[in-house]
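Chemist: Please read through the structure below; I'll follow up with questions.
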Amino acid sequence: MEPNKDDNVSLAATAQISAPPVLQDASSLPGFSAIPPVVPPSFPPPMAPIPMMPHPPVARPPTFRPPVSQNGGVKTSDSDSESDDEHIEISEESKQVRERQEKALQDLLVKRRAAAMAVPTNDKAVRDRLRRLGEPITLFGEQEMERRARLTQLLTRYDINGQLDKLVKDHEEDVTPKEEVDDEVLEYPFFTEGPKELREARIEIAKFSVKRAAVRIQRAKRRRDDPDEDMDAETKWALKHAKHMALDCSNFGDDRPLTGCSFSRDGKILATCSLSGVTKLWEMPQVTNTIAVLKDHKERATDVVFSPVDDCLATASADRTAKLWKTDGTLLQTFEGHLDRLARVAFHPSGKYLGTTSYDKTWRLWDINTGAELLLQEGHSRSVYGIAFQQDGALAASCGLDSLARVWDLRTGRSILVFQGHIKPVFSVNFSPNGYHLASGGEDNQCRIWDLRMRKSLYIIPAHANLVSQVKYEPQEGYFLATASYDMKVNIWSGRDFSLVKSLAGHESKVASLDITADSSCIATVSHDRTIKLWTSSGNDDEDEEKETMDIDL
């Protein structure tokens, strides 16, 4: 490629400018002497600038447009379409990997949203938020942190579904100062308006309890002031009587494990129930002949109890009902209303009301004459299992799987005492005849004695090697206390110092229930080994031993 003429001209001009000037000899000039010439230092000649060459033009690649068909679509050859199908097709393994990646990404996004979600830490606020969202406030076995985690998942789900308006509204209600007022309101007890029959029942219970309490106090004062009354001697005699209790008879009660037993008020009939749903009435004292067989429950029977004033009896079942019977097998009433299976049943001392406990976290009070539900009592956070009435009739005690025992005033409907001490579910409670002691037994293998006057635990009995299924005071004066356990034993404890008096062993499986006759002469126990056992004391032998001891002393 030849250079341009303009480029040659510029190179020549540059060369002329860059050449050094020619120095004349100073001696040839007038007025100057001959001076040796000064030789300038040698410098390398400057390099000429490199000429800028223009860039060659860049040729753009030709654009190709696919032919367009008449209907507007792009024409493709069969070979091209087949090659495209080969590149687009994905294997099943790749699809599974992609699905796993998408799921992992979705889970990560959900976790990020959940972590960024504003969720209250106050348990009351969490419950209130769940109530407003229409969700269950508390699930079975749920703790505070689990409840908050469930609320977080619900709010995250609503956020993903795009229900932001509801979330923003709830959040505004939570951050407003009104939340503090709502929390203060929740601290106060809430009341549910009951029917007119409940008010009448409370008045009747109050009148009944005042009379019974007056009689009990007068009797206690008389025994204290009367010199002929020797309470210590009576206590020793009762404990000695209990110490010599032994197995009197045993019989199979059903084809399935037995769950409950109860004596009639005169001690002539023993009722037992079993997992087969059948309740049987046995003739005492040998329990070999059945008087009646009650077969109306559709599920397993969980408890049976006789009325304290007549020959009626009540049964509880897992079919969510309780039934009232006569001793001849006639069904009188069916009590329906519980939302889950029943656990225990108990008569009020007046014989007019029936209390039932259920796994729906409530216990209820029924009118046995009309079959109407008078009271639905909440208060336990988990299933309610045991129930008992004070002999005066003023108080009721309940226990449950929340490890608490609560005492209720039936005259006002208030929870007056909450006994905390068991570390596992409580299955049985029973009032002492003195009116101010309460015994409770539970899964922690302990039997605790509570004092209603001192409002605290009076004594802790390490009763058994397995859970305590039932506790029962001697019905006359509370001289001793009997406990049944899943360790296949029934233990008798002193009602004064709670020392072990006697251990009744003979069952081959879990002891489910026990009962004591009104005169304390016999103890009945039923077990999962399907047997009924009666324990009695040989009083004549004790009297003979005392006579022999007196003769020796003389």
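Each residue, glycine too, has its Cβ placed from N, Cα and C.
Dumping what Swiss-Prot says about this protein:
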- 48-65: compositional bias 'Pro residues' (COMPBIAS)
- 88-99: compositional bias 'Basic and acidic residues' (COMPBIAS)
- 48-99: region 'Disordered' (REGION)
- 253-292: repeat 'WD 1' (REPEAT)
- 296-335: repeat 'WD 2' (REPEAT)
- 337-376: repeat 'WD 3' (REPEAT)
- 379-418: repeat 'WD 4' (REPEAT)
- 421-460: repeat 'WD 5' (REPEAT)
- 463-503: repeat 'WD 6' (REPEAT)
- 506-545: repeat 'WD 7' (REPEAT)
Chemist: Who are the long-range neighbours of the repeat 'WD 2' (296-335) in its own chain, taking Cβ under 8 Å and residues 6 or more past its ends?
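Modeler: Tertiary neighbours of the repeat 'WD 2' (296-335) are 256, 259-265, 269, 271-279, 281, 341-347, 349-351, 354, 356, 358, 364, 366, 368, 371, 373, 513.
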Chemist: May I ask whether the repeat 'WD 7' (506-545) has at least three C-beta pairs under 8 Å with the repeat 'WD 1' (253-292), counting pairs 6 or more apart in sequence?
Modeler: yes
Chemist: By Cβ distance under 8 Å, which residues at least 6 away from the ends of the repeat 'WD 6' (463-503) in the same chain are close to it?
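Modeler: Sequence-distant neighbours of the repeat 'WD 6' (463-503): 234-235, 238-239, 242-245, 424, 427-434, 437, 439-447, 449, 509-520, 523, 525, 527, 535.
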Chemist: Are there residues at least six beyond either end of the compositional bias 'Basic and acidic residues' (88-99) with Cβ under 8 Å to its Cβ atoms? List them, or say none.
Modeler: none
